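Accompanying notes for the structure given below.
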Amino acid sequence: MKVLVLNAGSSSQKSCLYDLPEDRLPEAPPKPLWEAQIDWPHGTDGAYLKVKSAHLKLEVTLFGASRSEDTARMLETLSSGETQVIAHPGQIDIVGHRVVHGGETYRDSTRITPAVKAAIARLAHFAPVHNPANLAGIEALEAVLGPEVPQIAVFDTAFHSRLPTAAYVYPGPYAWLEAGIRRYGFHGISHRYCAERAAQLLGRDLEQLRLITCHLGNGCSLAAVQAGFSIDTTMGFTPLEGLMMGSRSGSVDPGILIHLLRQGDCSVDKLDHLLNQASGLEGISGISNDLRLIFEAIEAGHARARLALDIYLHRLRAGIGAMAANLGGLDALVFTAGVGENAAPVRAGACEGLEFLGIAIDHHKNNDRPKDTDIATAAAAVRVLVIHTQEDWAIARECWQHLRR
Ligand code: ADP
């Protein structure tokens with residue numbers, strides 16, 4: 001079964017093709033046959049396509065008139081003489097799309113129909129950057145492959161769709177809730193994958209586990225997972241709430257926003273920019289949103305870089321503590337995504353001070369580039385796992401299950 005996975009963002013589109021056996025899903029994620037990325041840099045006409053397969057690495061500039069044309073060119077590389085991953089794009093059995101916002105309607109992955117597309121477009125109201133890009137990806141694939149090839153939407157909000165009411169209703173006026181202003185939560189594909197993988201690595205039944213999954217990339221969020229469902233999460237109505245992130249502030253006192261708006265020199269767009277692009281590690285350090293550069297600056301004695309990391313860790317620990325309280329205890333803490341998987345000092349710093357929860361990490365294991373492994377000390381009450389998140393694979397699995405059904 002050939003499964004194409006597409007993750008379409010505002011200025012880039014990542015895709016990969018899996019070849020999966022018909023009868024049963026492999027336990028460990030297989031390597032995709034082919035991976036491609038198109039970048040549409042702002043302010044330029046061209047697009048850049050990178051393709052990787054067993055036989056080929058390709059980088060070319062595209063000059064298509066539209067996303068569909070660039071996507072068609074990308075799909076041609078699947079069957080071109082150089083790659084020959086498949087004989088022709090018609091061999092693709094199903095396509096899975098990451099869709100950021102599924103609102104209150106979509107609790108599970110869904111076959112894309114005109115009604116689902118209309119809902120994704122409607123929800124762009126809540127996710128103005130992501131949902132239109134996701135829809136453009138769906139339409140580009142539809143244009144190339146035709147309507148017969150099933151396309152599945154896998155929503156980033158779905159894993160959090162069973163949050164208890166008290167966790168998703170904001171304590172503002174009740175009318176907010178009626179207007180759809182509530183906590184939705186994001187990164188759900190990753191949180192769910194990590195929760196399932198954690199149960200697999202621990203050899204335990206997910207139903208019996210209380211987990212905190214820490215997705216720490218450019219965007220950062222925590223999920224409290226009980227019996228396989230997210231029961232609390234730090235991101236909210238938008239991906240801006242919660243932890244301090246690369247360039248996003250995370251939670252700040254809303255009174256600050258009222259103060260800035262009252263002063264009169266801050267428009268809504270400027271506020272949006274400040275909170276989403278000029279805050280977090282970047283805003284405090286004045287250096288970068290990339291933690292690797294923050295570490296370098298700390299080594300060189302840069303005080304604001306040190307402060308940025310201190311705030312990041314302070315808020316991460318506080319978030320983990322809050323999630324543990326709502327779970328009523330903890331079996332495993334999971335670190336994933338760019339920072340969570342690679343930054344040993346962040347894992348160590350987050351766990352420091354959480355010994356009272358039964359968390360203690362083995363520093364040798366923590367520093368030994370762990371991947372899908374337990375880094376807790378043998379005696380600790382709580383397991384601490386580092387898991388390589390595989391969102392594409394999680395989407396491919398949903399597609400496989402859909403076709404099997
Ligand atoms: P995204 O959230 O955009 O999907 P990732 O999950 O790939 O991104 O995370 C990207 C971030 O991971 C980078 O900005 C950087 O801060 C961090 N990162 C990646 N590798 C390392 C590393 N070796 N050490 C520290 N941080 C890292």
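Note that Cβ sites are derived from N, Cα and C of the backbone, with glycine treated the same way.
Quick caveat, the model's predicted, so the values are computed rather than measured.
Straight from TrEMBL, the features:
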type     : residues                                                                                                      : note
ACT_SITE : ASP156                                                                                                        : active site, proton donor/acceptor
BINDING  : ASN7, GLU391                                                                                                  : Mg(2+) binding site
BINDING  : LYS14, HIS215, LEU216, GLY217, ASN218, GLY219, ASP290, LEU291, ARG292, GLY338, VAL339, GLY340, GLU341, ASN342 : ATP binding site
BINDING  : ARG98                                                                                                         : substrate binding site
SITE     : HIS187                                                                                                        : site 'Transition state stabilizer'
SITE     : ARG248                                                                                                        : site 'Transition state stabilizer'
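Other C-beta atoms found within 10 angstroms of the C-beta of GLU341 (ATP binding site) number 19, with every protein chain shown included. Between the listed binding-site residues, namely ASN7, ASN218, the fewest other CB atoms within 10 angstroms of a CB are found at ASN218. Cβ neighbours of the residue listed as 'active site, proton donor/acceptor' (same chain, under 8 Å, six or more residues apart in sequence): ARG98, VAL99, VAL100, HIS101, GLY102, PHE186, HIS187, GLY188, ILE189. Close contacts with ligand 1, defined as a Cβ under 6 Å from any of its atoms, occur at ASP290, ARG292, VAL339 among the binding-site residues LEU216, ASP290, ARG292, VAL339, GLU341. Most other Cβ atoms within 10 A: among the recorded positions HIS187, ARG248, ARG292, that distinction falls to HIS187. Here the CA atom of LEU216 (ATP binding site) lies 19 Å from the CA atom of ASN7 (Mg(2+) binding site). With respect to GLU391 (Mg(2+) binding site), the closest of these recorded positions in Cα terms is LYS14, chosen from LYS14, ASN218, ARG248, ASP290. Put simply, ARG248 (site 'Transition state stabilizer') is 17 Å from ARG292 (ATP binding site) when counted between their Cα atoms.
Here is what falls inside 10 Å of the CA of ARG248 (site 'Transition state stabilizer') among the binding-site residues LEU216, ASN218, ASP290: ASN218. Considering other CB atoms within 10 Å as the measure, the emptiest surroundings among the binding-site residues LEU216, VAL339 are those of VAL339.
In three-state terms derived from DSSP, ARG98 (substrate binding site) belongs to an extended strand segment. Close to ASP290 (ATP binding site) in the fold, though at least 6 residues off in sequence, lie GLY246, LEU281, each with a CB less than 8 Å from its CB. Counting every protein chain shown, 23 other Cβ atoms lie within 10 Å of the Cβ of GLU391 (Mg(2+) binding site).
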